[in-house]
């Protein structure tokens, strides 16, 4: 019985000493200081990294979107390193051996190895995305996985583990890098705006084409997204009541759809101004005949 009392007394004795609470408060204060210092250091380093890339980009006239991607990557790596240093320092303050944790990591790694495969896959895929320049921050992309589109929109950020994409309707999609299958990047090469315009068969086709070409001469100077002036490729189809013109224009990357919308708007204005007729619907009347008895 006395032995049990002695054991309990030895366990609770530190709680009765003022020094115990003083040490605890001191350690908690140090932890808060380390966290604040880490936040400040990360903020300062992020600004230095961003400024360094801006200076390099100006001197070498590099790709701005590529610079944003690399800035995001380097800042993430720096953040992980700083927090790792803070965590190991805090653990050592509480008397926890960091070397022992690292030594036992091999045993723990075997236990969680299968569970960590996804994380490793995400990180490796992230490196390939960045260093193979598959897409950059600001690019408009479509991501497929298993034959299904899982995300389409503008790349907001690229990390080692995941990529953030803003969809056209405003949602933020966060994709693990390892889950990406087929990637379509609409921002690498110039886009193409294709418009099919029907006119009435009663119109003078040569006159319509001439007016369209006259309209297109000023399109490149009026709208920045056109790389070349639109051109009438020719007559695409002839039907009962209409003739269809096919029109094409080269645009800056990712702006093919926007260019097509502008073309339709300008062509509609021209048709109203010049009185060019659109095809009218054709109605067929069928008369039923009754058999006389």
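Note that Cβ sites are derived from N, Cα and C of the backbone, with glycine treated the same way.
Unlike curated records, TrEMBL annotations are generated automatically.
As annotated in TrEMBL, transmembrane segment covers the listed stretch 28-49 rather than the other ranges in 6-27, 28-49.
Your range for transmembrane segment, going by TrEMBL and the list 70-94, 145-169, is 70-94. Residues of the same chain lying 6 or more positions beyond the ends of the transmembrane segment (70-94) and with a Cβ under 8 Å from any Cβ of it are 27, 30-31, 34-35, 37-38, 41-42, 45-46, 49-50, 53, 101, 130, 137, 157-160. DSSP assignment over the domain 'Mechanosensitive ion channel MscS' (118-187) gives 17 helix, 32 strand, 21 coil.
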